[in-house]
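Here is the structure we will look at, set down as structure tokens.
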Amino acid sequence: MPLSLTTQLLTFALISLQRQSLHNSNVNRTQFEQIYDFIVVGSGSSGSVVANRLASRPNQKVLLLEAGGPQTVVTDTPGLTSTLVDSEFDWKYRTVPQTEIGQAFRDRRIRQPKGKVLGGTSTINWMLYNRGNRRSYDAWNTTYGCDGWDYQSILPYFIRSENTVSEEIVNANPDYHGTQGPMVISPMLRPDPILLLFQKQMNDFGVPTLDINGPNQLGTWIYTLTINQGKRWGSANAYIDPNPYPNNLDIMINSMVTRVLFETNQQTNQTSAVGVEFQLDGLRHQVRARREVIISAGCIGSPQLLMLSGIGPSDHLRSLNIPVVADLPVGDNFQDHVFLHHYFEVRNKSLLNDPVGPTVQQFYEFYQNGTGVLSELPNSITFFSTKSNDDEQFPNAIIDVNTYHVVPNLTEVMKQYGSNLEEWREFWRPYLGQQYALITSAIYRTYSRGTIRLASNDPFEHPLIDPQYLTDRRDLEALVEMTKILFYVTHTGDLAQHIDLFPRPIPGCQFCADRPIYQCDSYIRCIIRNVADTALHPGGACRMGSADRNDIVVDPRLRVKGIERLRVIDSSIIPELANANTHAASVMIGERGAQFIIDHYGL
């Protein structure tokens with residue numbers, strides 16, 4: 001007999017309160033010691049890993065400082081991921097106005113969602129697990145002098161972190177998947193039929209179905225996800241929440257690190273990091289490190305903190321009256337992938353799983369059983385190599401398909417736009433309250449490079465983020481070609497019998513009257529200029545490389561050049577983005593960086 005609505009509501013309330021109490025109990029510390037062996041700044045995809053691994057060593061005291069608050073029952077819920085952007089869990093960064101994309105967006109500025117919460121961006125991301133092509137990492141070694149970072153050398157650190165729960169996936173490629181690590185990686189148990197239909201169309205076009213985290217990548221795949229029994233399983237869940245080493249690891253939330261503290265040996269003239277300054281509840285505190293300070297504040301936070309502390313381009317720092325500790329190219333080499341979203345109506349709604357309400361019944365099923373639409377995030381990826389790509393087995397572009405979007409009210413939709421407002425209202429109005437398929441063309445190997453710079457010497461003011469999207473023409477041409485492929489795929493074959501592109505053109509652009517959309521070069525270039533967007537994969541602004549290079553911030557052991565006892569361990573050290581989401585790489589970087597420290601001190 002089905003449970004009554006009241007019983008379901010009470011059950012959901014009880015379980016969610018228990019879950020929230022568990023999160024809160026992990027981070028209720030208000031006191032800290034004056035000195036620790038290690039201080040880790042940032043609890044994100046990499047920082048949580050570093051804190052866990054260092055605290056696991058005997059007699060080591062580790063302080064983990066996180067600017068955000070605790071995880072919640074909302075962040076636990078995969079089906080509510082879209083509500084986390086621009087929420088209390090997000091830093092709410094924006095780029096400076098862009099010239100080549102985003103002209104339709106408010107002030108031509110592109111959102112850069114980054115987690116301000118325990119677990120960092122792994123607590124608000126889309127949970128998609130994708131390492132990237134082996135050639136990406138091999139290039140770190142051969143091109144940038146990152147000794148020991150080729151794929152064969154770092155694969156064990158991916159595997160160390162992983163607990164892949166699908167026997168089918170593991171058995172197909174046992175040398176490529178871990179099963180004993182803390183990071184649970186699970187298959188999508190109930191993919192929408194439209195995802196399977198798209199996958200079949202790819203197969204009909206000669207694209208094989210394959211495990212993109214196996215030996216090859218040129219194929220189609222329904223994503224595996226960092227989800228554990230229906231709950232989000234980011235780095236905090238996997239490594240520090242609950243705290244596995246309470247005697248060794250102190251976790252402080254709402255603690256904003258504002259600068260690194262240095263001392264210089266007068267005899268050797270060697271500068272060393274000795275601690276950090278942070279603010280908690282409006283009060284300024286200092287804490288010291290016996291051994292090292294590790295900055296894991298993320299791809300934006302880490303370069304910002306280094307520059308605030310006096311490590312960065314000297315002219316820039318002096319212009320803001322920041323004393324220069326080390327003249328290094330912090331903030332250069334900033335890079336990201338680029339998305340171009342396309343909106344499709346699905347004719348037969350049976351090809352879609354139920355949308356997220358959310359309803360009491362959905363919450364009950366989620367909290368009681370770890371199942372249902374709130375436990376899922378349907379998504380598939382297909383890799384392509386465009387004509388301009390230099391290596392077919394090193395794909396540079398993708399098509400991404402997801403089905404979890406429902407058009408909310410017009411007020412919410414219109415927040416992102418800054419031009420052609422009435423046309424945008426009419427574009428979305430017919431689909432209010434409806435679920436649709438979001439099919440995205442994207443470039444995953446980019447040449448454009450941008451910068452991060454301080455807006456002022458105020459640590460609470462967001463930095464100036466300028467990815468300079470598509471300023472390298474090679475990126476633009478690759479995205480044009482990939483978008484033509486997407487439109488061809490979606491307008492031909494069996495798939496075209498089931499989906500329809502929204503009939504209105506993107507405001508400010510016009511369809512070609514004399515040719516199909518996949519041959520309409522002018523329309524494709526127009527929509528790229530107007531609505532191309534971040535792929536949410538930035539990194540690189542504290543570039544790693546051989547210590548003798550002038551364009552690096554950290555050496556291959558992640559030590560800041562010229563400074564003792566200071567490392568950066570997160571996605572900001574990436575010299576060139578892998579052709580993938582950045583979470584898996586960030587966890588690997590955390591594992592690798594922690595091992596460097598353990599080996600150095602013989603822990």
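The backbone N, Cα and C atoms fix where each Cβ goes, glycine too.
Owing to the predicted nature of the structure, the values given are computational and were not obtained by experimental measurement.
The feature FAD binding site is assigned by TrEMBL to Val117, Thr121, Val257. Annotation for Thr121 (FAD binding site): spatial neighbours Gly44, Ser45, Pro113, Lys114, Gly115, Gly298, His583, criterion Cβ-Cβ under 8 Å with sequence separation of six or more. Under the DSSP three-state reduction, Thr121 (FAD binding site) is assigned to helix.
According to TrEMBL, the domain 'Glucose-methanol-choline oxidoreductase N-terminal' annotation covers 115-138. Long-range contacts of the domain 'Glucose-methanol-choline oxidoreductase N-terminal' (115-138) within the same chain: residues 23, 26-27, 42-45, 47-48, 66-71, 75, 78, 81, 84-85, 87-91, 149-152, 154, 158, 185, 212-213, 217, 223-227, 232-237, 240-241, 251, 253, 298, 377, 379, 381, 391, 393-395, 536, 576-581, 583-588, each at least 6 residues beyond the stretch ends and with a Cβ under 8 Å from a Cβ of the stretch.
The feature signal peptide is assigned by TrEMBL to 1-21.
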Residue among binding-site residues Val117, Val257 with least C-beta crowding, 10 angstrom cut-off: Val257
Helix, strand and coil totals (DSSP H, G, I; E, B; other) for the domain 'Glucose-methanol-choline oxidoreductase N-terminal' (115-138): 9 helix, 3 strand, 12 coil
Maximal Cα-Cα distance (Å) across residues annotated as binding FAD, namely Val117, Thr121, Val257: 17
